[in-house]
Each structure stands twice: as C-alpha cells, then as structure tokens.
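Student: Please find one structure pasted underneath; my questions will follow.
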Amino acid sequence: MASIKEESEDIKVEDAVGVNQEDDEEQTDLMPLKEESEVLDEMEEKDHDIVTEEKSETISSRKSNFTCQQCGKCFSTKGNLKLHMDIHTGEKPYACQQCGRCFTKKGALKSHMSIHTKEKPYTCPQCGNCFTQQGSFNRHMRVHTGEKPYTCKLCGKSFTTKLNLKYHMNSHTGETPFTCDQCGRSFRHKVTLKRHMKVHLSENSFMCHQCEISFSDSKNLKNHVITHTGEKPYMCLQCGKTCANNTNLGVHMRIHTGEKPFTCPQCGKSFRFIGNFQAHIRVHTGERPYTCLECDESFSYQRDLKRHLLTHSGKEV
C-alpha cells in the first residue's frame with residue numbers, strides 16, 4: 001500500500017502578508033502591477049527576467065565569463081553568479097528582524113523594510129504621488145512619459161514593465177501558468193484567473209474592496225483583509241510566532257503539543273493537518289478529484305495536475 005509522508009504533504013497554514021502597491025501606478029497597463037511580495041520575488045529572480053531586444057546583444061557579450069553549471073546562464077562577475085546560485089540552492093541569508101521573512105538579496109530586504117517603516121521616499125515631481133520603492137516610482141513615471149522600454153522580439157509590441165512583457169509572451173508560447181485550484185482550468189493572465197474564480201462563488205459573496213477578491217462568507221473576508229493590513233494579533237506563547245487569526249494559531253500550536261487529531265479509520269495513521277488526512281484517504285479510496293479539462297486525465301493531488309498541465313502548454317516538465 002502506498003504511503004504518504006506527512007512531512008512532504010504538510011499543508012502549512014501561512015499568514016501571508018500581502019501589501020498592495022500604490023493604486024495609481026501604471027493605470028494604463030493591460031495587467032495590474034505586482035503586489036509587494038511579487039515585486040520582491042522579481043528582484044530575487046531578476047537574472048531570469050526577459051531581456052529587451054535593444055539590450056540583449058550588449059548583455060550577452062558581457063555575461064560570458066562565469067557560467068552556472070545548473071542552468072547554463074552566464075554572468076560577467078563571480079559575485080553575480082554567486083547571487084544567482086541562491087535561486088537553485090534556496091538560500092536566503094537576509095532576514096527581516098521584525099517579521100522574520102528571508103530574502104536572497106540584501107536589496108530585496110531593504111525594499112521590504114519600507115513596509116514596516118511606512119516610509120515613502122520617492123515623490124513624483126509631476127503629480128505628487130509618493131512611493132516606498134524606487135522601482136514603483138520608476139514605473140509610475142512612465143505613465144507621464146509614455147515610455148515603453150520592454151519590446152517583444154517576436155511581434156515588436158512594447159510594454160512599460162517587464163512583467164507585462166512576460167505575460168504577453170504567453171500569447172506566443174501558449175503557456176497558461178495561472179491555474180484554478182477548484183476546477184483545474186488554467187489561464188494566461190492572473191487577472192483572468194481572478195475573474196474566473198467568481199464563477200465558483202455564490203452570487204451573494206463578500207468582496208474585498210482593496211483587491212476585489214470575493215469570499216463565500218464574512219469571516220473569510222475578515223481574515224483576508226488582515227493580509228492587507230499586516231495585522232497578526234494572535235501570538236504563540238511558546239515560540240513567539242504571530243498569526244492573523246485564532247484558527248491559524250490553533251493549528252500552529254499542534255507543532256508544540258504534538259496533537260494529531262485526524263485519524264484514518266482504515267489504517268489508524270494520524271495526521272496533524274486535515275489536508276494531510278484528506279490526501280491520505282485517497283490512497284485507500286483511489287479518488288482522483290483533480291481533472292485536466294483538456295484530456296480528462298485525473299489526479300489525486302493538485303500538484304500532480306499542475307505538473308501535468310505543463311505538458312499541454314509545451315513547457316518542459
């Protein structure tokens with residue numbers, strides 16, 4: 001009988017702190033700007049960004065001395081190669097002293113700190129809007145200048161941000177990286193997925209006025225709103241970890257108490273989290289609730305469906 005390792009299947013209850021970027025940034029773009037966490041992720045993976053056509057020749061000639069043995073990317077200095085390797089190793093040596101979040105680059109940590117300080121040192125000289133990060137300020141300025149420095153090499157269309165160019169490239173490659181976790185349908189753009197998710201919600205749903213995500217009840221909406229404010233009022237007295245709500249704190253406490261309240265009626269194995277328990281039950285029932293809409297193949301786990309969907313997009317698994 002196949003067994004499921006609890007450690008590998010653990011569904012972690014995370015208190016994600018989502019901080020919206022300034023509302024007035026890049027209103028003219030087809031895609032919405034990234035939230036703070038996405039901006040930092042982009043900074044940490046900037047070596048993987050799409051290179052614009054006019055700069056590609058210069059950059060390729062410069063990045064020729066130091067080569068990554070894992071993916072083949074080349075860099076002009078040993079220091080840049082070392083920073084890039086953090087992507088493969090997962091090492092994040094720069095930790096925020098206030099919330100514990102870790103980053104691969106010192107610059108990403110510095111940008112993150114503006115969340116805690118509320119400092120907005122970058123002011124637009126034309127309209128007076130203020131920004132916490134220089135990247136946000138630079139993108140905003142293009143609203144006034146009309147500059148679109150990122151050009152698609154396949155069709156010549158230009159964009160104000162790298163992210164919008166990246167999304168646009170999906171129209172050429174056919175890649176649909178945003179997948180609905182309820183029905184498995186995938187989309188090219190995040191905003192399209194958000195719009196689709198409303199299909200699964202009731203007509204009388206509760207909507208967040210900051211990001212327009214909807215929820216089936218007011219309690220879930222209230223818990224979600226905390227992700228915008230960053231509030232974590234529930235603290236673990238044993239380790240000091242703070243949680244956004246009492247439910248998450250209760251789940252966290254099982255780590256200290258060793259409690260495993262979910263027991264399989266067929267084999268007696270116990271689990272700390274209900275998600276692990278439900279996944280384990282499928283070993284006995286053979287249930288495959290995640291179905292590909294393109295070929296009708298079904299999977300026991302959502303991660304397996306996501307991996308399978310890449311075969312339809314043409315992306316190497």
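Cβ coordinates are placed from backbone N, Cα and C, and glycine is handled just like the others.
No curator has checked TrEMBL annotations; they are predicted automatically.
Annotations per TrEMBL:
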type: REGION; residues: 1-45; note: region 'Disordered'
type: COMPBIAS; residues: 1-15; note: compositional bias 'Basic and acidic residues'
type: DOMAIN; residues: 66-93; note: domain 'C2H2-type'
type: DOMAIN; residues: 94-121; note: domain 'C2H2-type'
type: DOMAIN; residues: 122-149; note: domain 'C2H2-type'
type: DOMAIN; residues: 150-177; note: domain 'C2H2-type'
type: DOMAIN; residues: 178-205; note: domain 'C2H2-type'
type: DOMAIN; residues: 206-233; note: domain 'C2H2-type'
type: DOMAIN; residues: 234-261; note: domain 'C2H2-type'
type: DOMAIN; residues: 262-289; note: domain 'C2H2-type'
type: DOMAIN; residues: 290-317; note: domain 'C2H2-type'
Student: By DSSP, what is the split of the domain 'C2H2-type' (206-233) into helix, strand and coil residues?
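Tutor: Reading the DSSP string over the domain 'C2H2-type' (206-233) gives 12 helix, 4 strand, 12 coil.
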Student: Which range wins on Cβ pairs under 8 Å with the domain 'C2H2-type' (290-317): 94-121, 150-177, 234-261?
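Tutor: It is 150-177, which has the most Cβ pairs under 8 Å.
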